Each structure stands twice: as C-alpha cells, then as structure tokens.
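Enquirer: My questions will all concern the structure given below.
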Amino acid sequence: MDQSNMTSLAEEKAMNTSSRNASLGSSHPPIPIVHWVIMSISPLGFVENGILLWFLCFRMRRNPFTVYITHLSIADISLLFCIFILSIDYALDYELSSGHHYTIVTLSVTFLFGYNTGLYLLTAISVERCLSVLYPIWYRCHRPKHQSAFVCALLWALSCLVTTMEYVMCIDSGEESHSRSDCRAVIIFIAILSFLVFTPLMLVSSTILVVKIRKNTWASHSSKLYIVIMVTIIIFLIFAMPMRVLYLLYYEYWSAFGNLHNISLLFSTINSSANPFIYFFVGSSKKKRFRESLKVVLTRAFKDEMQPRRQEGNGNTVSIETVV
C-alpha cells in the first residue's frame, strides 16, 4: 500500500503542495466549502456532546441505557475533535514534514477508532432494547447489574483491535505484495464485521423492536426512549455508514473514490453532532420546549420504564440504576 495514502487528508495536502510548487506565483487554492461547513459544525457538536457527557456523568443517575449513551458521547467527542483538527490542518495547508505527517495519521486513526466504537455501541443499544421487549422478565429480574459497562468495555477493546489492524496492515504498510494482500484480508474482515455482523444485528433488532412496540400498548409509557433509539440509528445509517464503505474502498481505489472523501467526512460530522439534538427534541415537551431545564429534558428522553430489578436476600425486589 502506497504510504502517500496514509490519510486521505494528507494525500490531498501533498497534491496541493506539489501543484503550487510546480506553478510559481500561483495563489493559494480555495478551501473547499465542505471544509468550512465541517469547521463550523464540528465545534458545535463537540460542545453539545461535552455538555451531554457532563450531565450524564454528574447530574443524572444512571440506567442501562444512559451508560451506553455516555460511551457513545465519548466516541463522538473524539471523532469530532479529530475531524475538526484535520480540517483546520487542511485549511492552513502545512508542509508535510515527518513529524507533522504522523500527527495527521494519529488523528485519522483516532477518528476511525471513534467511528468504529460508535457503530458497535449503537448495535449494542438496539440489541439490548430488543431483548428487554422480548424477555421483559429476564431484563427486570435477572439482567446482570453491570452488564452495560461490561459490554461497553468489550466494544471499546474490539474497536481498538480493529482500528489497530487497519492502521498496521493498510495505513502504515509499505508497497510489498504481502502488505497489500494483508490489507485486503483486513478489509474483508472489517467489511464482514461491519456489514454482515453489526449492521444486520442493528437492523434486525430495530425492526423487531418497532413491531413489538406497535403491538403492545404498554410500550407507550417509554415511547420517547424508543424514539431516541430509532432516530439515532436511522441518522447513523444515512450519514455515517457511507463513510465506512468509502474508507474501505479508498485503500484499493483511491483515484476513483477520493473525490468523495470530503463529503463522507461531512456526513460523519453531521451524524456525531446530531445525537444531542435528537435527545433534546425527543425529550422536550411540545408545550414547554426551550423553557425546561436540560436535566428534565434528558431525564424524560432517557427514562426507562422497564427498570431492571434485583432480588434481595429477604425476597423483596428493589429497583437499581433508576433515573431521577
């Protein structure tokens, strides 16, 4: 794999730099409008997710769902931070020195790390809510207390492993034939994991969830929570999923798909920035929108009527991980 493809932004910057050096006196090429939009949206999304993370960590009691949302916000924050710095770097058009080059690579890898984690977490959210509807007794009485935290830790570890494989085999590889074959193997593995495991799980569990909710009137009590889940997944599939497809194609067909890189980054930025807006508008009361405290709005959006319960020694049941 040609090392000039270590990051798509680095590739574009190198091409722009060489083009200017070849034509003396040429003016600085205009920054694509897409990068201006990214540099406008990503700080807003970063602040939104930061505020959301602060409320989830310090102002609200946790339930199984908010544990996942907390980790999803961390993944979105890391993604938005990296994409903002990459866009600023592209706009300033620094020379690609060795140290600067690897800084860009580090940011790009962290960006992929946040993206992969977001996909895995959304799948876990969808699957767990589906299980809570299919097996309500297990969910309320027998679900392990720290299952959400344990699943999140496993998914972060899986994301780290997948991202490291992608970096070592595809981004930081040389031009040797064995490196190219190793990269193809990693691409196939990631494609199977993303499009034949996690995405189908997300779609199937979401479909089952919608069907079960429509058939059960009791689900209306926590309908806002299900709306949050469904809208978040739909936004992810529309805006974020194309980026993974393009990134896998870049490694082999950069010349054909490289021009779509900026659009895929913009879509991914929109996805990560949209989540806090989804939580706010779904949790807001139509009659009191913009007049309620953020804590009240988030509590309503994340309220879980099917709170897990735990058996005590005296035979009584008590609720755990309730939301204020």
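Numbering starts at 1 and runs along the chain as displayed.
Each residue, glycine too, has its Cβ placed from N, Cα and C.
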Enquirer: Do Swiss-Prot's topology records have P64 and R289 sharing one side of the membrane?
Expert: yes
Enquirer: Same chain only, please: residues at least 6 beyond the ends of the transmembrane segment (185-205) with a C-beta under 8 Å from a C-beta of the stretch. Say none if there are none.
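Expert: Residues packing against the transmembrane segment (185-205) from afar: 119-120, 122-123, 126-127, 129-130, 162, 165-166, 169-170, 233, 237, 241, 244, 248, 251-252.
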Enquirer: Quick one: find which recorded stretch in 104-127, 149-171, 224-244, 263-283 has the most Cβ pairs under 8 Å with the transmembrane segment (36-60).
Expert: 263-283
Enquirer: When you scan the chain for residues with a C-beta under 8 Å from the transmembrane segment (65-86), skipping those not six or more beyond its ends, what do you find?
Expert: 7, 9, 38-39, 42-43, 45-46, 49-50, 52-53, 56-57, 104, 107-108, 110-111, 113-115, 117-118, 121-122, 124-125, 128-129, 148-149, 151-152, 155-156, 225, 265, 268-269, 272-273, 275-276, 279, 302, 304, 323
Enquirer: Tally the residues of the topological domain 'Cytoplasmic' (61-64) by DSSP class, grouping H, G and I as helix, E and B as strand, and everything else as coil.
Expert: 1 helix, 0 strand, 3 coil
